[in-house]
Amino acid sequence: MTTQITSARPAAGPRKGPRRRPAAPSATTVGRPGFAWALPAAVFFALFAIVPLIMVAVLSFMTWDGLSSPQFVGMDNWSRLADDPVMLKSIWLTLLLTVLGVVIQTPLSIVLGVWAAGHQRNRAVLSVIYFIPLLLSATAVSVLWRALLDPNFGIPAEATWLFGDGNLFGEQATAIGVLAFVSTWQFTPFHTLIYQGAARAVPRVLYQAAEIDGAGRYRQFFHITLPQLRNAMITSMILMIVGGLTTFETVLILTQGGPGTDTTISAYYMYDKAFRGFDYGTGSAIALALVVASTIISLIVVRVSGYDKMRSSMEGVS
Amino acid sequence: MRRRPNYVAGAGSLVWLFLVGLPLYVMLAATLRTRQDYAENGPVSLPDTFTLDNYSRAFDSGFGQYFFNTLVVTACVIGIVLLLVPPLAYAIVRSRGRTTSAIFRLFLLGLAIPAQAVIVPMFYLISEAGLYDNLLGVILPTAAFCLPMSALILSGAMRDISPELYEAMAMDGASPRRMFFQLVLPLSRGGVSTIVVFSALQAWNGFLFPLVLTQSDSTKVVTLGLYNFQTAHGIDIPGLLGAVVLSMVPILLVYLFARRALVQGLMGVGGK
């Protein structure tokens, strides 16, 4: 911490990952566990995650209806998907919802997180209420909002001055609005938590120095707090993007992809193709596309956050 | 320290309080009033009846069984994670071998695999293994998908153990096994409780695996029960919301008694 404060641009340096010290040359292998300790977990994980992942790639080149045995069909699924207007639309919808999520939730959770980082008692009490959406499963959140926004018995029917005819699920624009809103309601507390932690870690001295220099609150916010939140921002945004790409329950329960296919995002389309249309090959192709997108983004996370370099910050310290 | 109140943040937090508070109020109020009251007076009005009927209706629609199933799934997932992750994290932190590095990288990559991506082959594998519509068929993949994040959380906690302690034990000729049981496990209890809460949340709130891998009422979990209740009795909003509240109760209890571990477990959830 103390070294952080004296450096000129504290945000740039620290979180990049711990410094690596050269390994001690002595006989440090004594008393160290072999890879056998990691093996059971690795085998279990390989069986239930890596093997299916390879199979999804293989299945994307096959046709399978769930009953007969899978048949190899080459690029058929892929070329059909490339010409499928619903698929193309679903990609746009997925991107739209993901971008909406990032754009709405990031400023909101930064403001809330910085606010909640204060140590005043009323903030602590309110924070408890703020974080309640976190406790609900995605299923419960979706079921709750489906009930609250019910066209006949929900809030829109009460407030027709705001919601028009009250059927928010009847039109594409309002249905997308509902999905973006419900995701925001569900996930903002989580991202607020990330920013709250990061805001608390900002060294006090920076603010004291700024105050001596006569900087007001807003200048402090834009020149100290925001730059210091850079790492938290990267983590949170990437989580939002990955989460956005794989949104599923919300769509299944709130809109069923409708009206028509107007909110059919890729993950939902995959489910629909595979488990309702019994076209598991095409479903696999969509799934593979999703995992490629998600992997690329996660590799960026690993790079940016320095997880891969985190062998140990304590090794060799003696 | 701060002389003027911060109006922007204060206003923002009030708006958020309203956005979170209103739905929660409507939900609780709806479950405690009669269906007729709800239908006639609308969701936002003050209830003028009181009843626990909605909860019993939700419970009678099968939620007792669903709760039991979810409990079984959650307990088994926690068991598997506790059995596999501590040795794994120990090896990640302490082993110098290339194989362990490779395994660690495998798990880092695993963080990027969403359940949706493997659900089709999972359905195939589980059906072939004869585990379709069997709770075990839900438990195994759910536990597997808890591993990467749990390994990351726990190895982070184990790194905080000072190397001097290992050296002292090595000096006494302790085997890796003894170090694990006498040093590493006792000193990483905080990390262990975090991964327990994290896996419990994943199992309790899991939806996609049960949706695709089970079918009958006797293997239904709570989240799936909610979904089905919504499709079947979408009109019975008070009953439906009663079911939602019931599904929250266990997590609320954890929130009351183990807030810290829960919040840390939740932070893990975001990295799924």
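Here the Cβ of each residue, glycine as well, is placed from N, Cα and C on the backbone.
As annotated by TrEMBL, transmembrane segment applies to B:7-28, B:66-90, B:102-126, B:138-158, B:179-204, B:237-258. Residues or ranges marked as domain 'ABC transmembrane type-1' in TrEMBL: B:67-258.
If you look at the transmembrane segment (B:7-28), the same-chain residues 6 or more away from its ends with a CB under 8 A from one of its CBs are 43-44, 241, 244-245. Packing against the transmembrane segment (B:179-204) from elsewhere in the chain are residues 70, 73-74, 77-78, 81-82, 85-87, 89-90, 94, 139, 142-143, 145-146, 149-150, 153-154, 156-158, 160-161, 165-166, 169-170, 222, 250-251, 254, 258, 261-262, 264-266, 268-269, 272: each is 6 or more residues past its ends and has a CB under 8 Å from a CB in it. Sequence-distant neighbours of the transmembrane segment (B:237-258) (same chain, 6+ residues past either end, Cβ-Cβ under 8 Å): 27-28, 30-31, 33-35, 38, 43, 54-55, 57-59, 61, 63, 67, 193, 197, 200-201, 204, 222-223, 225-226, 229-230. Sequence-remote contacts of a segment are chain residues at least 6 beyond its ends whose Cβ falls under 8 Å from one of its Cβ atoms, and for the transmembrane segment (B:102-126) they are 88, 91-92, 132, 137, 140-141, 145, 147-149, 151-152, 155, 208-209, 212-213, 271-272. Same-chain residues lying 6+ beyond the ends of the transmembrane segment (B:66-90) with a Cβ under 8 Å from its Cβ atoms: 103, 107, 135-136, 138-140, 142-143, 146-147, 150-151, 154-155, 157-158, 176, 180, 184-185, 188, 191-192, 195-196, 199-200, 202-204, 206, 210, 218-225, 246.
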